[in-house]
Amino acid sequence: MAPSIAQNGHVNGEVEEVLWKKSIHDPLNWEMAVDSLRGSHLDEVKKMVDEFRKPIVKLWGETLTVAQVASIANADNKTSGFKVELSESARAGVKASSDWVMDSMSKGTDSYGVTTGFCATSHRRTKNGGALQKELIKFLNAGVFGNGTESTHTLPHSATRAAMLVRINTLLQGYSGIRFEILEAITKLINSNITPCLPLRGTVTASGDLVPLSYIAGLLTGRPNSKAVGPSGSKLDADEAFRVAAVSGGFFELQPKEGLALVNGTAVGSGMASIVLYDSNILAVMFEVLSAIFAEVMNGKPEFTDYLTHKLKHHPGQIEAAAIMEHILDGSSYVKAAQKLHEMDPLQKPKQDRYALRTSPQWLGPQIEVIRAATKMIEREINSVNDNPLIDVSRNKAIHGGNFQGTPIGVSMDNTRLALASIGKLMFAQFSELVNDYYNNGLPSNLTAGRNPSLDYGFKGAEIAMASYCSELQFLANPVTNHVQSAEQHNQDVNSLGLISARKTAEAVDILKLMSSTYLVALCQAIDLRHLEENLKSVVKNTVSQVAKRTLTIGAIGELHPARFCEKELLRVVDREYLFTYADDPCSSTYPLMQKLRQVLVDHAMKNGESEKNINSSIFQKIGAFEDELNAVLPKEVESARALLESGNPSIPNRITECRSYPLYRLVRQELGTELLTGEKVRSPGEEIEKVFTAMCNGQINDPLLECLKSWNGAPLPIC
């Protein structure tokens with residue numbers, strides 16, 4: 001976050017000393033920007049989650065974080081209470097700038113927005129500063145709400161709370177000419193969970209977010225059109241809002257510059273951007289873990305995470321993404337099992353996994369870097385002084401500039417939205433492989449788990465939904481900031497469109513949450529299918545072995561039969577054949593298992609030579625007995641094994657419990673109560689996905705996600 005020069009001793013001594021040192025040794029702020037990116041992205045996300053949960057946010061003016069803004073914004077979703085506190089040490093600086101405005105007014109000093117008109121009409125002059133502020137708030141109340149407290153034309157209340165917090169933080173720095181009592185009143189509104197109603201649209205975030213912020217000012221001044229929403233969701237007028245929040249002294253009569261101080265800032269755009277980035281950072285880490293789980297259930301080759309590969313590419317986001325995936329896969333029971341599969345007939349299998357898995361660190365790395373850089377840019381913005389003019393008490397002057405231009409918001413939100421769309425594209429590519437039996441290394445088509453695949457289409461509808469989500473997300477990736485229109489009589493001829501871009505990015509976050517929850521449920525389905533596969537294949541293998549011993553070992557008169565040598569190859573067929581190609585009817589002659597088992601016997605018979613002419617040594621003569629016995633036994637054994645698994649008593653436990661990715665599976669299956677989806681059950685995929693989506697939205701998923709990575713030391717595995 002960007003430090004300002006402490007002019008009136010209104011930050012505590014320790015912070016002030018640090019800020020002065022930085023201003024001397026790092027006058028361009030580049031060193032501070034670089035320092036803010038030290039350490040891993042994961043450590044930063046852990047810190048965000050911890051900050052989000054703290055019940056108290058203390059404002060100094062220059063230390064606010066994205067996580068703190070998101071915390072206050074989402075107060076409705078927090079089980080514990082919350083409170084915003086203002087640093088008392090800031091009072092003197094705030095008062096000094098307010099006094100300066102009143103003194104300059106009394107001396108007849110000409111100052112923008114105090115004695116002049118606004119924007120393109122600043123050539124007008126007045127000595128009635130209070131009336132001018134009143135008119136400012138009135139003409140900026142140009143928004144449209146529609147009907148209802150949360151209509152499609154009302155800014156989400158979370159974004160409004162974020163804007164209130166950020167605006168207080170800016171004004172605390174003492175450059176804006178506003179009374180401390182007004183900041184205390186806004187704080188009381190936040191702490192009482194009273195949220196002014198702001199219009200969703202109507203700002204270009206260029207002279208700040210003028211129109212929406214004017215509705216906060218309207219509530220503070222008691223405008224009759226002002227509305228707020230109380231703690232219970234009821235609609236309040238200004239009188240009721242002040243009473244519930246215990247704001248004493250009545251409505252504020254704005255002094256010169258105070259109206260401008262309230263509305264001329266970027267708080268709505270940067271507040272919403274803070275909410276968006278808190279979620280975006282978590283979603284980025286989540287997808288790193290989901291990509292590793294994808295590698296597990298797809299029997300992927302883990303060498304794509306090897307440190308040397310990524311070290312030679314140099315990009316820190318890529319290196320960290322690979323290291324996190326490597327950590328999840330290191331020691332994974334799935335990886336160990338997959339290694340054995342890859343050793344079987346290696347020349348008949350692809351040497352490499354497809355790009356959606358193999359290049360996932362290279363794809364994700366730049367997106368993480370973009371999101372992290374955007375987070376730092378917004379943290380600098382929410383700690384900036386962004387109104388006009390700035391009151392420099394130390395030099396006894398008002399400085400006219402353009403810090404209200406919200407370009408950092410528009411640019412960072414456009415970039416973040418593009419990064420989210422890229423994450424979504426990779427997620428869809430992985431999902432498409434996961435549900436397609438041509439690519440998913442033996443999982444059933446559509447991840448169907450029922451007994452009758454003709455009446456079970458699993459995740460087919462979910463795949464269509466994912467295509468829809470991904471398409472909308474790709475559309476949202478289009479930039480907002482290249483659609484600028486010259487505004488306000490060509491005075492605001494360039495404008496940032498910061499809030500519009502933040503709103504579109506909030507939409508992108510919601511869509512990526514839909515995709516992530518759908519994908520996570522599908523991955524859990526795949527995990528359970530691998531468990532089912534392992535149990536059923538074990539039964540098939542044992543049954544084939546037993547039937548082979550019973551029917552192929554002994555001849556008609558008790559002698560050892562040459563067919564006994566077929567057993568090893570029969571079991572190799574079972575090992576090689578994907579279970580779900582025959583599991584619904586294991587002895588069907590149209591399915592590959594029985595066809596290939598018969599072919600083994602036929603091949604041996606063809607090699608049996610003259611012995612085939614002897615009925616007692618003929619292998620052909622044994623085929624019928626072998627198949628009849630298998631037909632009588634195998635379907636029952638397979639069904640019995642399936643029933644044991646469904647009752648919670650499988651002979652082989654689920655491998656996922658031995659993996660670092662287990663906490664996410666545990667959340668989905670145990671804590672949220674989802675289950676393996678089959679055609680026989682009434683529950684639909686959407687019902688299960690809804691549970692995970694809700695958990696994602698209320699933060700319930702954060703602890704299990706971070707638990708997956710709790711033992712990571714922040715470095716890749718050494719090159720051996």
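The backbone N, Cα and C atoms fix where each Cβ goes, glycine too.
As recorded in Swiss-Prot, the features of this protein are as follows:
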- TYR112: active site, proton donor/acceptor (ACT_SITE)
- ASN264, GLN352, ARG358, ASN388, LYS460, GLU488, ASN491: (E)-cinnamate binding site (BINDING)
- SER207: 2,3-didehydroalanine (Ser) (MOD_RES)
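Features per Swiss-Prot, on structure.
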residue: SER207; record: 2,3-didehydroalanine (Ser); Cβ neighbours (10 Å): 25
residue: ASN264; record: (E)-cinnamate binding site; Cβ neighbours (10 Å): 23
residue: GLN352; record: (E)-cinnamate binding site; Cβ neighbours (10 Å): 11
residue: ARG358; record: (E)-cinnamate binding site; Cβ neighbours (10 Å): 18
residue: ASN388; record: (E)-cinnamate binding site; Cβ neighbours (10 Å): 22
residue: LYS460; record: (E)-cinnamate binding site; Cβ neighbours (10 Å): 15
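Across the structure, the residue listed as '2,3-didehydroalanine (Ser)' and ASN264 ((E)-cinnamate binding site) are spaced 6 Å apart at their Cα atoms.
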